[in-house]
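Written below as structure tokens is the structure these notes are about.
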């Protein structure tokens, strides 16, 4: 569950985490910016 973001975290809302080029939406960033889980 993700959407695009910038490296600064811009574009992620309060319950999202910037993970590389994507926002992890209600999930966590794993693999040093590789993927969102779950």
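Glycine too: its Cβ is placed from the backbone N, Cα and C atoms.
Per Swiss-Prot, the features are:
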{"type": "DISULFID", "residues": "5-19", "note": "disulfide bond"}
{"type": "DISULFID", "residues": "12-24", "note": "disulfide bond"}
{"type": "DISULFID", "residues": "18-29", "note": "disulfide bond"}
{"type": "DISULFID", "residues": "23-36", "note": "disulfide bond"}
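Put plainly, the disulfide-bonded residues 5, 12, 18, 23, 36 were compared by Cβ crowding within 10 Å, and the winner is 23. DSSP classifies residue 29 (disulfide bond) as strand under the three-state reduction. Taking all protein chains in view, 23 other C-beta atoms sit within 10 angstroms of the C-beta of residue 19 (disulfide bond). When the disulfide-bonded residues 24, 29 are compared by the number of other CB atoms within 10 angstroms of each CB, 29 has the fewest.
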